[in-house]
Amino acid sequence: MFKQCSALLLGTLALLSGCTDQQSTQQQAAASKPDAKQEMVVGKDYHSQSNPEQVKVTNIALDLDVNFDKKVISGDAELTFEKVKQDASSLIVDTRELTINKVTANGEEIPFTLHPADSFLGAALEIPLPATGDKVKISYATSPDASGVQWLTPEQTAGKKHPFLFTQSQAIHARSFIPLQDSPQVRVTYQANIHTPQDLLAVMSAANDPNTERDGDYQFNMPQPIPSYLIALAVGDLEFKAMGRRTGVYAEPSVVDAAAKEFEDTESMLITTEKLYGPYRWDRYDLLILPPSFPFGGMENPRLSFITPTVIAGDKSLVSLIAHELAHSWSGNTVTNATWRDLWLNEGFTTYLTYRIMENVYGEARFNQEAVLGYQDLEADVASLPPKDQILAIDLRGRDPDDVFSNIPYEKGALFLREVEHTIGRENMDKFLMEYFEHFAFQSITTDQFLTYFKKHVVEQYPDKLDMARINEWIFEPGVPQDAPMPESDAFSIVDNARNNWLNGEMNANQIDTKNWTVHQWLYFLNNMPEELTLEQLHELDRAFSLTKSHNNEIAHSWLMIAVKNWYQPAFGRLNDYLVHIGRNKLVKPLYRELSKTVEGKKIAKEAFDKAKAGYHPLTVKANQGFVE
Ligand code: BES
Ligand code: ZN
């Protein structure tokens, strides 16, 4: 259910209830334009120092040893290349904290130059092209602190007996464990031989054989060309359980049954998405459940999405995450953003698809609730982020993509597509998307390429309904355009009434009829509480609903945010436990940020962070250490 009114305001303006006027929109937009905009080369990847415009790597053959004692991955990466410019003389690849032992071509050593490292791009490795052949082999080893690898001790796993390793390449971390052209506009096929301790299983973002013998030697093949940020490896005490004909789950033995039950609808989601958007092009779709330190909710590594265990809630309430990672098989893995400026092409399309999949599999009521919650996340970011960070085609020059993570590419991107859907009709929208995925399959595209295609295939087909000025406003201006669609949910009106009655003192908390509330209703109930509540009110809520003890990690998060804002100490034990055991940034970072606002809060944050740090992923450390210093 949607209503046409913009309650979203631009830029740093606070959230008010009215609509902003056109003049301030333009002033804000103008002020947010970086001076250097003219010089930006559209389509250039400012986050890679490699040279694909001269020489392009097309295949990577890996032969790697995983050493848990040393926390080192070492071995060879053989790169097959293609000259783009006939006079090209060297191949440049990205590295970060790699030790390069030697480079060979045709069995002979060749000299190489490892350039000085840039603070977040790493060090460019320059290799003169061999006189003959199209391959160079790089022998290398990773650093124990590689930004894209987390090494877990047995204590940090569910089973407590075996170590665990996983990689996370997006956005620019593949270069910390493979020397490669680490840009999403370079697509490669890959093969890998991975050697691990004998009792562990290796899995990759490639064809995995669920029945492979567990012997410490594993072979993989990824026959479709993929961008480097989708190369992924995990090693651990993993078991496989099938969920459907093409879907299954890998997890530690004590987790695998609960995961397979929680995510049993994955096969239906896959079938639904194919019906809506065309064939699934990746053969199998499996899930890998990681330990709780995984810094994201999920990562769409092709054929094998990596998933946080924090969404195993017991009631399928958080499975939209699976729909999201699955949807990336179309938007992201099949049609890929060419640079990180274009991330919204991956995440906005995927968020739109996620809502559609959820609606198909679980019905309109759930869709409406999830859409409102997503919209509220967007509202919060529009109220708090600087205007330049509210632009879909964001200028990321000179910035580390890890520092710019927000809801904008996700929810604003999805809202844009929803507006198009409402304007041209659902059937036409679905037809457009199906053709779009087909047209650009296995290509990496820029926002501008998208726009050219969109103009021809959509805007010009509906000249009375759509115009490019509106589309450009969505993509190049901050905030959300006036009269954008606004999701609504009946189920949430009930919650608003209950909350208001309680706040006005017309009702005690234990008189609210919450028996049939969904997890989403609980989230909406908590997320929309006033900033300040009294200790009595907090005690009352906790007594009535046992919120401090909630087993749902999202509900616990919302409650802990309230507890920190209002210094509700009875929840601080749980808070500490939560921060120490969960490494998913979306859940812990807002808590650290809130705690860091007061001296006493900072003390609590520091205590938890110091305890947790050894077990956090490098990205979680990087994202939060500023809050405890
Ligand atoms: N691809 C992203 C994760 C990502 C994005 C990593 C940008 C690094 C840079 C993944 O698909 C994702 O969006 N995960 C979300 C899922 C959520 C929106 C359902 C997450 O981890 O919270
Ligand atoms: Zn995503």
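Placed from the backbone N, Cα and C atoms, the Cβ positions cover glycine too.
Shown in sequence order, LEU287, GLY298, MET299, GLU300, SER305, ILE307 are the residues of the chain, 6+ apart in sequence, with a C-beta less than 8 angstroms from the C-beta of GLU325 (active site, proton acceptor). The feature active site, proton acceptor is assigned by TrEMBL to GLU325.
Around TYR410 (active site, proton donor), the same-chain residues six or more apart in sequence whose CB sits under 8 Å from its CB are GLU347, GLY348, THR350, THR351, GLY374, ASP377, listed in sequence order. Summarising the annotation, TrEMBL assigns active site, proton donor to TYR410.
The peptide binding site annotation in TrEMBL covers GLN168, SER169, GLN170, PRO295, PHE296, GLY297, GLY298, MET299, GLU300, ARG584, ASN585, LYS586. Under the DSSP three-state reduction, GLY298 (peptide binding site) is assigned to strand. All protein chains considered, the CB of GLY298 (peptide binding site) has 22 other CB atoms within 10 Å.
The Zn(2+) binding site annotation in TrEMBL covers HIS324, HIS328, GLU347. DSSP assigns GLU347 (Zn(2+) binding site) to a helical segment in the three-state reduction.
If you look up TrEMBL, you'll see 34-47 marked as compositional bias 'Basic and acidic residues'.
What TrEMBL lists as domain 'Peptidase M1 leukotriene A4 hydrolase/aminopeptidase C-terminal' is 489-628.
Sequence annotations record features per position, and here TrEMBL assigns region 'Disordered' to 26-52.
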Counting every protein chain present, what is the number of Cβ atoms, excluding its own, within 10 Å of the Cβ of HIS324 (Zn(2+) binding site)?
23
Zn(2+) site shell beyond HIS324, HIS328, GLU347, criterion: Cβ within 8 Å of Cβ centroid:
GLY298, GLU300, GLU325, ALA327, SER331, GLY332, ASN346, PHE349, THR350, THR351, LEU353, THR354, TYR410
HIS324 (Zn(2+) binding site) versus GLN170 (peptide binding site) - Cα distance in angstrom:
16
Nearest-integer angstrom distance between the alpha carbons (Cα) of PHE296 (peptide binding site) and HIS324 (Zn(2+) binding site):
13
Could you tell me which of the binding-site residues GLN168, HIS324, ASN585 have their C-beta within a distance under 6 angstroms of some atom of ligand 1?
HIS324
Between the Cα atoms of GLN168 (peptide binding site) and HIS324 (Zn(2+) binding site), what distance do you get, rounded to the nearest Å?
17
Contacting binding-site residues, sequence order - GLN168, GLN170, GLY298, GLU347 vs ligand 2, Cβ under 6 Å:
GLU347
Counting every protein chain present, what is the number of Cβ atoms, excluding its own, within 10 Å of the Cβ of PHE296 (peptide binding site)?
22
Can you see whether DSSP assigns HIS328 (Zn(2+) binding site) to helix, strand or coil?
coil
